[in-house]
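**Student:** Straight from Swiss-Prot, here's the annotation block:
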- 4-24: transmembrane segment (TRANSMEM)
- 50-70: transmembrane segment (TRANSMEM)
- 84-104: transmembrane segment (TRANSMEM)
- 109-129: transmembrane segment (TRANSMEM)
- 144-164: transmembrane segment (TRANSMEM)
- 185-205: transmembrane segment (TRANSMEM)
- 214-234: transmembrane segment (TRANSMEM)
- 247-267: transmembrane segment (TRANSMEM)
Amino acid sequence: MLDSTTLVALVLGLLEGLTEFIPVSSTGHLLLAGHFLGFESAGRSFEVVIQLGAVLAVLTVYAAKLVSVIRAAPHDPRAFRFLVAVLVAFLPAVVIGVLAHGFIKAVLFETPILIATMLILGGIVLLFVDRMAPEPRYDDAMDLPLNVALKIGFIQCLAMVPGVSRSGATIVGGLMLGAGKRAAAEFSFFLSMPTMAGAFAFDLFKNRDVLDASALGEIAVGFVAAFVAAVLVVRWLLGYVSRHGYALFGWWRIAVGSVALAALLAGY
């Protein structure tokens, strides 16, 4: 029988892993779950560590391709340009994230109504873009030019508002800028590696006094749950969106956001 703290860790880990790489906002789901189930403080402390499980999941799934691209970069201009494109897309998040971190954590993360509203609005945008995005010009993530990558990087910064979704912002940005559905998702995966690793390191430093060594068991449960769930999602997502697009996730966001908003307005 799991005790309540271990169950919280398991729930948070599964939520993080299942929602991090699909465009529904893992942070929004975690914060709303924390609010309604009464473990906001636990959610904040565990989230710092379980992010690492999701980071390692995408690194595991893409390890072979990542190593191949890095090895090819010194003599393959296409591979080199792709690595530069990922780093260029990462830079806006570094600058804006460091400058706005305090405000984001202190204000935006404490506003459940904002989170629910952003889930709904993001779902509407995702449904629109899934139908109305221009004809793709880039069917492979490695073909995205640097100026497109930089624009995606700035669009990613919108996801600092909880409920927007990092993967959602980058995928929508990619689709609107000419990436195919699979290419947009794959570039989002690669961009997540430095972005999430950087966010994890920065949050770990900022919350170093919050983490409790006596809770290593619960932390391990959340970490493993996030890792396993994220591996399964990453392996499934590319094939799914290639065949069906992103409408499912738009409706998911609208449904979750609407239920959460109704509950919040009712006083829960």
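Sequential numbering from 1, following the chain as shown.
Any Cβ shown, glycine's included, is placed from N, Cα and C.
Worth saying up front: this structure is predicted, and the values here are computed from it rather than measured.
What's the neighbourhood like for these features in this structure?
**Tutor:** Same-chain neighbours of the transmembrane segment (4-24): 30, 33, 37, 39, 42-43, 46-47, 50-51, 53-54, 57-58, 119, 122, 126, 165, 167-168, 171-172, 188-189, 192, 196, 215, 217-219, 221-234, 237, 246, 249, 252-253, 256, counting only residues six or more beyond its ends whose CB sits under 8 Å from a CB of the stretch.
Long-range neighbours of the transmembrane segment (50-70) within the same chain, counting only residues 6 or more positions beyond its ends whose Cβ lies under 8 Å from a Cβ of the stretch, are 9, 12-13, 16-17, 20-21, 26, 79, 82-83, 142, 189-190, 192-193, 196-197, 199-200, 203, 219, 222-231, 234-235.
Cβ atoms under 8 Å from those of the transmembrane segment (84-104) belong to residues 144-146, 148-150, 152-154, 156-157, 160-161, 170, 187, 190-191, 193-195, 198-199, 202, 206 of the same chain, restricted to positions at least 6 beyond its ends.
Sequence-distant neighbours of the transmembrane segment (109-129) (same chain, 6+ residues past either end, Cβ-Cβ under 8 Å): 23-25, 27-28, 31-32, 35, 44, 161-165, 168, 172, 175-176, 246-247, 249-254, 256-258, 260-261, 264-265.
Nonlocal intrachain contacts for the transmembrane segment (185-205), taken as residues 6+ away from its ends with a CB within less than 8 angstroms of a stretch CB, comprise 20-21, 47-49, 51-52, 54-55, 58-59, 61-62, 66, 82, 86-87, 89-90, 93-94, 97-98, 101, 141, 144, 149, 152-153, 156, 166-167, 170-171, 174, 179, 211, 234, 237-238, 241.
Beyond the transmembrane segment (214-234), the same-chain residues lying 6 or more positions past its ends with a Cβ under 8 Å from any Cβ of the stretch are 5-6, 8-10, 12-14, 16-18, 20-22, 45-46, 49-54, 56-58, 60-62, 189.
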